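Here is the structure we will look at, set down as structure tokens.
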Amino acid sequence: MHKLPTLKSVKNFDSVAILTSGGDSPGMNPAIRALTRAAFNSGISHVYGINRGYSGLINNDIQKMTSRSVTNIVQRGGTVLKSARCLEFKEPNVRQDAAKILRDRGIEALFVIGGDGSMTGAHLFTEETGIPVIGLPGTIDNDIPGSDDTIGFDTAVNTALEAIDKIRDTAQSHERLFLVEVMGRNSGFIATQVGIACGAEMVVVPEYDFDLRELCLTLAQRRATGQGSSGIIVVAEGKDPGLTNRIAYQLEEQGQNPRICILGHIQRGGSPSGHDRMLASCLGASAVSYLLAGYNDIMVGVNQGSIVDIPLRRVITETKSLNRHLFDITTLLHK
Ligand SMILES: Nc1ncnc2c1ncn2[C@@H]1O[C@H](COP(=O)(O)OP(=O)(O)OP(=O)(O)O)[C@@H](O)[C@H]1O
Ligand SMILES: O=P(O)(O)OC[C@H]1O[C@](O)(CO)[C@@H](O)[C@@H]1O
Ligand SMILES: [Mg+2]
């Protein structure tokens, strides 16, 4: 259960908008629902949904929401507002045009649900245009500075675990080594948590070097002592495409016969877990309270179980590092 902030409303807003941006994540829908319902129930008269992230904003692809338009979405994966990556939004003049679109519609504030990139766009937008923005961390990557958790991370981890538990069955039957690639271009949060929870023999993350030779040695020793040679290596996809294939190739060169399974976008789909629904609902409700309390240019996030506000400037200038102690558990629990 999250500890919620106690805030006093000091401002009135008549009209606000919501968008989802970057890779979708399970829990974006309950976040949209929470923002919409909390806005109406806090006296905001008009709520708009912007389609396809910043792309819909610059193309004026905006619709009116009602309290009923978010009925029956709390359990649905994806985002009913759709999501996109919009490179044009990186141009300052495009952001000015976007502000005019909001002003012409009488929209006074914007809620942005997305990852670190989306938070960068949100900060620049409010800084340059003066339109208040509140961000919500919505990404399976859990790589947003200032928040211990992000909407969608828990579901993605559970989805990967469900798949790996199945892979483990066939790996054991055939005494095979499997390389399972999980998402995370720049960060190993998913890989670390999944690796610990599935009992992986090794976890490869972009943050740290890995020692394949040592792994091969361990596998050879296990085979020699009759413990079999099945196993799971969890690999975060990393920046350079093909990392998992390269590791497989190196393993083959050292006498292993690994199989590869790339979990890919199934990690971004599916019904949000109870944890992510709670997180999205609490963050959505709190985001509206922060706006009415006069906050701007912040992201709502979680710090040691409490919902907190984090300046967007901090979110976009800091880096969230992987906890080394947590990562070390991946090796500490080996046979
Ligand atoms: N430097 C920037 N300036 C303005 N807008 C940006 C900037 N970086 C990202 N954005 C906007 O945010 C969008 C989403 O960013 P990005 O593709 O990095 O995904 P994300 O929000 O980090 O989500 P995820 O990593 O979970 O997929 C971009 O397509 C762009 O519209
Ligand atoms: O296929 P897409 O949409 O470009 O997204 C892939 C990237 O998005 C993320 O899934 C986050 O949403 C990253 O982990 C991954 O690298
Ligand atoms: Mg990102």
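Every residue, even glycine, has its Cβ placed from backbone N, Cα and C.
Cross-referencing Glu201, Glu207, Glu237 against the substrate binding annotation in TrEMBL, which names Thr139, Ile140, Asp141, Arg176, Met183, Gly184, Arg185, Arg259, His265, Ile266, Gln267, Arg268, picks out Glu237. Among the candidates Arg85, Arg168, Arg246, the residue that TrEMBL names alongside Arg33, Ala34, Leu35, Thr36, Arg37, Gly199, Ala200, Glu201 for the ADP site is Arg168. TrEMBL names Arg85, Cys86, Gly115, Asp116, Gly117, Ser118 for binding ATP. Of Gly23, Gly27, Gly188, the residue it gives for the same site is Gly23.
For the pair formed by Leu35 (ADP binding site) and Thr139 (substrate binding site), distance between Cα atoms is given as 17 Å, rounded to the nearest Å. Considering only the binding-site residues Gly23, Arg37, Glu201, Ile266 (substrate binding site) has Gly23 as its nearest partner by CA-CA distance. Residues Gly115, Asp116, taken from the binding-site residues Gly23, Arg33, Gly115, Asp116, Ser118, are distinguished by a CB atom under 6 angstroms from ligand 3.
For the ATP site, whose annotated binding residues are Gly23, Arg85, Cys86, Gly115, Asp116, Gly117, Ser118, the maximal Cα to Cα separation is 14 Å.
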